[in-house]
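Single-structure report; data block below.
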Amino acid sequence: MFRTMMRAKLHRATVTEANLNYVGSITIDEDLMDAVNIVENEKVQIVNNNNGARLETYVIKGERGSGVVCLNGAAARLVQPGDKVIIICYGLVTEEEVHKQEPKIAVLDDNNQIIEMLGAEKAGTIL
């Protein structure tokens, strides 16, 4: 049996742009992608802290060091520049791997720079 587990997260990313006329996806600074091991075209879930919207899309590499987090296409209707979002990536693991796998979590500042890397989340933690 396989379980779907969180394996990567960009916590409190700031949306820098929403581009309705783009084909689709989310553009993310490649440095942020590397920090949590998200790859281009990988499926991600996006949770908007400002309005509660949740959506799924795929990732396009953004310019390194730019801090870009741009929702493209129809997803642009669910965010505004300045919104805080959580970008989550899941993976399938076997029963044997469930307790061994450790997610990579990057906590971001208002400019989408990493301020802290976490390997786990604890209940009741406020960031």
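Every residue gets a Cβ built from N, Cα and C, even glycine.
As recorded in Swiss-Prot, the features of this protein are as follows:
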ACT_SITE  S25  active site, schiff-base intermediate with substrate
ACT_SITE  Y58  active site, proton donor
BINDING   T57, G73, A74, A75  substrate binding site
MOD_RES   S25  pyruvic acid (Ser)
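Reported as a whole number, the C-alpha separation between G73 (substrate binding site) and the residue listed as 'active site, proton donor' equals 11 Å. Cβ neighbour counts within 10 Å, taken over all protein chains shown, single out A75 as the most crowded of the binding-site residues A74, A75. Comparing T57 (substrate binding site) with S25 (active site, schiff-base intermediate with substrate), their Cα atoms are 5 Å apart once rounded. When the C-alpha distances from S25 (active site, schiff-base intermediate with substrate) to the recorded positions Y58, A74, A75 are tabulated, the minimum falls on Y58. Cα of A74 (substrate binding site) to Cα of Y58 (active site, proton donor): a distance of 13 Å. Sequence-distant contacts of the residue listed as 'active site, proton donor', defined by Cβ-Cβ distance under 8 angstroms and a gap of at least six in the same chain, are G24, S25, I26, N41, E42, K43, V44.
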